[in-house]
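Q: Have a look at this one.
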Amino acid sequence: MSDLHNESIFITGGGSGLGLALVERFIEEGAQVATLELSAAKVASLRQRFGEHILAVEGNVTCYADYQRAVDQILTRSGKLDCFIGNAGIWDHNASLVNTPAETLETGFHELFNVNVLGYLLGAKACAPALIASEGSMIFTLSNAAWYPGGGGPLYTASKHAATGLIRQLAYELAPKVRVNGVGPCGMASDLRGPQALGQSETSIMQSLTPEKIAAILPLQFFPQPADFTGPYVMLTSRRNNRALSGVMINADAGLAIRGIRHVAAGLDL
């Protein structure tokens with residue numbers, strides 16, 4: 001039996017991309033899974049696909065009341081909460097400082113930070129009492145942009161660096177009761193969108209990047225699927241496999257940190 005059997009897991013943005021992969025993986029592990037999802041159509045799809053195995057709540061991660069409503073439903077259903085995974089986010093399609101008009105930069109900043117940073121903070125606030133009671137954990141989705149430049153424009157990169165500070169501070173504030181960690185995936189096949197303020201709300205990340213471009217820059221030389229990143233979340237959630245890690249950020253970058261100066265990888269001819 002999985003370590004996560006009957007564990008109560010709350011994931012934001014579970015309707016597509018990495019969020020959907022996490023929903024699938026935790027259900028496979030036998031967990032009781034809930035998600036807060038903005039899209040009514042995706043909520044309906046989740047309910048149709050997973051039935052009683054999913055508690056799908058329509059709501060906005062920038063609204064504390066929506067979080068509280070979801071947590072109340074989780075506690076009614078499961079009687080507890082073991083892990084909160086803050087995952088919902090938006091990207092800026094590499095919108096640069098120089099080429100973005102000042103007024104758009106300002107409104108784009110507020111929209112992107114509301115989702116990528118405030119959304120995490122509000123989720124942590126709503127979930128903290130239940131997680132303190134269960135001595136559970138929080139996990140926040142980062143990005144390679146939390147470590148390196150060029151994984152987005154200044155708005156997205158700054159938001160992911162802000163999230164690393166949030167993880168460290170919450171890990172400090174909530175210890176010893178709650179473990180708080182992060183996972184930073186590299187580019188993958190997803191439907192990640194951008195801020196409406198930048199005119200990117202209908203533009204998917206895969207319209208800016210191709211599988212070939214992503215694979216070419218990664219030393220492991222493959223195009224990751226969302227499911228490729230679910231393992232670290234499972235490990236961090238498990239009390240048996242992770243008793244000792246808090247304030248840790250796993251850089252799941254397919255080897256990007258060891259990319260060579262002369263070649264992307266030295267073993268291409270092996």
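Glycine too: its Cβ is placed from the backbone N, Cα and C atoms.
The following feature annotations were taken from Swiss-Prot:
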ACT_SITE  Y156  active site, proton acceptor
BINDING   10-34  NAD(+) binding site
BINDING   S143  substrate binding site
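Help me picture these features in the structure, burial and contacts included.
A: Under DSSP, Y156 (active site, proton acceptor) is assigned to a helix (H, G or I) in the three-state scheme. Within the same chain, residues at least six positions away from Y156 (active site, proton acceptor) with a Cβ under 8 Å of its Cβ are W91, D92, L112, N116, S143, A145.
Taken residue by residue with DSSP, L22 (NAD(+) binding site) is part of a helix.
There are 28 other Cβ atoms within 10 Å of the Cβ belonging to S143 (substrate binding site). The DSSP secondary structure for S143 (substrate binding site) is coil.
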Q: How many other Cβ atoms sit within 10 Å of the Cβ of A34 (NAD(+) binding site)?
A: 25
Q: Can you give me the same-chain residues 6 or more apart in sequence from L22 (NAD(+) binding site) with a CB-CB distance under 8 Å?
A: I11, G14, I85, N87, P226, T230, Y233
Q: Reduced to three states, what secondary structure does DSSP give A34 (NAD(+) binding site)?
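A: Its secondary structure by DSSP: strand.
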Q: For G14 (NAD(+) binding site), what is the secondary structure by DSSP, using just helix, strand and coil?
A: coil
Q: Cβ neighbours within 10 Å, counted over all protein chains: which one of the binding-site residues G14, G30 has the most?
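A: Result of the Cβ crowding comparison: G14.
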